Amino acid sequence: MTDNRIIRILTTLCDFLILNILWLVCSVPVITAGASTTALYSVMFKIIKKEEGYIIKSFLKAFRQNFKQSTIIWLLLIGTGYIVGYDWYIAVTYIKLNRQIINILVAGIIIFLLWGWIFVFPLIACFENTIKNMIKNAFLIPISQLPYAVIIILFDIVCIGGTLYNYRTLFYGSIFWSSIGGSLLVYVNSIFMSKIFEPYR
């Protein structure tokens, strides 16, 4: 019994390592990071439901199926983030607006964008809808299950913030994220995402 449990744990770790590598490789062009993240969520949802099958095949299939929609939304998020960053730079450098007020406004917009980024790709992995409705639902659906949404956001912030805390955590964090960190984070997120999405399935 103990041996079987150890084998299951090792198999799961191996799957997470493979998925993490796939996710990183498919995200390398940057433009494909949205589709890669959607594919990773798609497989993780199947793992939670014990329906994963061949994980590499499942990942690549989800990557292809959701490539267009995920990429368009990813580019919209990146483009919006760039515009916000550029406007902030202009506002505090040339126009000389109150830096504190601008920082608060920019922080609010960044939180808004992060909220969309965290929830839109798992939403694409679970449902079929238009790009407009995907973006809208990425903000509205989590609000309907706010406690779970807050847990996900806080968990992600702690993980990423912990990595960026200092040079040492950045070094070890880089090893962690490049080996299993991405897939592990998405797995934990997927557990709570499943609870958020359950009433809408």
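Note that Cβ sites are derived from N, Cα and C of the backbone, with glycine treated the same way.
As given in TrEMBL:
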{"type": "TRANSMEM", "residues": "7-25", "note": "transmembrane segment"}
{"type": "TRANSMEM", "residues": "69-89", "note": "transmembrane segment"}
{"type": "TRANSMEM", "residues": "101-125", "note": "transmembrane segment"}
{"type": "TRANSMEM", "residues": "146-165", "note": "transmembrane segment"}
{"type": "TRANSMEM", "residues": "171-192", "note": "transmembrane segment"}
**Asked** Under a Cβ pair cut-off of under 8 Å, which of the recorded stretches 7-25, 69-89, 101-125, 146-165 contacts the transmembrane segment (171-192) most often?
**Response** 7-25
**Request:** Determine which recorded stretch among 7-25, 101-125, 146-165 has the most C-beta pairs below 8 angstroms with the transmembrane segment (69-89).
**Result:** 101-125
